[in-house]
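Undergrad: TrEMBL feature annotations, pasted as is:
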type: DOMAIN; residues: 44-149; note: domain 'Thiamine pyrophosphate enzyme N-terminal TPP-binding'
type: DOMAIN; residues: 241-358; note: domain 'Thiamine pyrophosphate enzyme central'
type: DOMAIN; residues: 451-576; note: domain 'Thiamine pyrophosphate enzyme TPP-binding'
type: BINDING; residues: ASP482, ASN509, GLY511; note: Mg(2+) binding site
Amino acid sequence: MDTKIGSIDACMPNSTDMCSAANGAVSTVHNSVPTSVVKNPEATLGRHLARRLVQVGITDVFTVPGDFNLTLLDHLIAEPGLNNIGCCNELNAGYAADGYARSRGVGACVVTFTVGGLSVLNAIAGAYSENLPVICIVGGPNSNDYGTNRILHHTIGLPDFTQELRCFQTVTCFQAVVNNLEDAHELIDTAISTALKESKPVYISVGCNLPGIPHPTFSREPVPFSLNPRLSNQRGLEAAIEAAAEFLNKAVKPVLVGGPKLRVAKACDAFVELADASGYALAVMPSGKGLVPEHHPRFIGTYWGAVSTAFCAEIVESADAYLFAGPIFNDYSSVGYSLLLKKEKAILVQPDRVVIANGPAFGCVLMKDFLEGLAKKLEKNTTAYENYHRIFVPEGVPLKGEPKEPLRVNVLFQHIQKMLSGETAVIAETGDSWFNCQKLKLPKGCGYEFQMQYGSIGWSVGATLGYAQAVPEKRVIACIGDGSFQVTAQDISTMIRNEQKTIIFLINNGGYTIEVEIHDGPYNVIKNWNYTGLVDAIHNGEGNVWTTKVYCEEELIEAIETATGEKQDSLCFIEVIVHKDDTSKELLEWGSRVSAANSRPPNPQ
């Protein structure tokens, strides 16, 4: 979704024959914007930061208290428009801000100096890999301690306070260390605007003695600011469109494939516009699932090489031209570098660059502008979809089980499919849930999120917390493996405290199944927990929680009926017991190919 701060159109330059290296800067203050003087007790850094977060669309901030951030938290929760969501640990607070940003367009977390900052670092790195604007706020040392030879607690025992900052420099696009009030206003505004412009996380450290001190720079309500939109180079855009149209119009059976960077380019609607105008068959890369409407009449499924949706890979790889919008080709998305694609047949459209076959390449061309312009130049061609329609055979259904037969994973997901609607969203944890959820057909309006590029197990617990907090009108359905759940289980507690009504399917197969299929060993077996018993203990009689454990299809059907009926306003935790070797055929194929890629011997020197 677009994140708007003030009026974007108000700062549009007259000329469009330009390209900015960044997404613009904070715009000039307009005289028409009214400002009001804030009462002196509220003219503080803490309240300014709180109001800025609310202004960009954040109504919930995910926090873990520590002595360096307590005063800051006082001022954040004093802001009427901001809710404090206290998390059990910093890693989950960061994952929650990630999940929140996926829905709201921006998220925020607050932790304490170094012990908190280094704990949240992994989640911030994941948000960076997924191009999510997460504002990571850290309560820092007292401003008087900078430049001294003092050793502080929560550090590694050296008088150098920059360890945390240096770690964040590689996983954030801007870092602000606020240790005086004179430039605090500018640093905070620059950090927040940079996060939105670059669609990447930023780091803000605030000295622990500064949030509550009034200062003249905070004496007025923050002036609404807006981000100058990025602009395509008009001549480059026209040349790229002309070259692409010529390339595609002479193709016999071209196809479109949407990738994960459609989100950061804000080009999902433009991609659909292109599909409508061209008549091409359209597919989605696995990490782009949820960004392309699967109810589109010419949608042919997920393109994932050897583990694609049935008949999709055949159509994509046999095409004589394919346009990939926002792709990421890594070892996972390419199934161990085994995609049968040819560069000379491809148009690769990145958020600000277009490459046509082996050349030419056009820089300073924004994806949204390019796709919209190309839609007006293409001749209608439905050949690829017609070919798909001719060869398509509907998927079969799982074999009918005997009464009380142990539940199979494919039967589980057959029933999850029936639960989906425009009022639901799916969160898929790293592991076999990637492959099983990938086969779900998303109805119009159904959300879908997973973290493929970074692939951090345990991400889904925090992300489910954050996503559900951001869109309370949707019921989140989270599919989580037992190994991943053991990493981040604590923040089920936070879901309960905040009265969320998520349905969690805990798939208990006794280990790290995705790792087993890449390379097995005793390290992939984990200690079994009584997962429902754990959640009941966390519940402890406070809040609305319902748990159950299912072993067969009959029990699963009953559990889903209860979760969607009598317990529809409760957090529902359904532990599903399945065989340790019950996995999707796609994971078996994918795992063997990734294993082959990982085990390549060194090249001769």
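Glycine residues also receive a Cβ, built from the backbone N, Cα and C atoms like all the rest.
Automated prediction, rather than curation, is the source of TrEMBL annotations.
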Undergrad: As a test of the contact definition, list every same-chain residue at least 6 positions from ASN509 (Mg(2+) binding site) whose Cβ is closer than 8 Å to its Cβ.
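TA: The list for ASN509 (Mg(2+) binding site) reads GLY481, ASP482, VAL578, HIS579, LYS580, ASP582, THR583, given in order along the sequence.
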Undergrad: If you average the pLDDT over the domain 'Thiamine pyrophosphate enzyme N-terminal TPP-binding' (44-149), what number do you get?
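TA: It averages 95.
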Undergrad: Taking the Cβ of GLY511 (Mg(2+) binding site) as the centre, count every other Cβ atom within 10 Å, in any protein chain shown.
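TA: I count 20 other Cβ atoms within 10 Å of it.
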Undergrad: Within 8 Å of the Cβ centre of ASP482, ASN509, GLY511, which other residues of the chain have their Cβ, at the recorded Mg(2+) site?
TA: GLY481, GLY483, ILE507, ASN508, GLY510, TYR512, THR513, ILE526, LYS580
Undergrad: Residue counts in helix (H, G, I), strand (E, B) and coil for the domain 'Thiamine pyrophosphate enzyme central' (241-358), per DSSP?
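TA: Each residue of the domain 'Thiamine pyrophosphate enzyme central' (241-358) counted once, the result is 39 helix, 25 strand, 54 coil.
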Undergrad: Under the DSSP assignment, what numbers of helix, strand and coil residues are found in the domain 'Thiamine pyrophosphate enzyme N-terminal TPP-binding' (44-149)?
TA: 52 helix, 22 strand, 32 coil
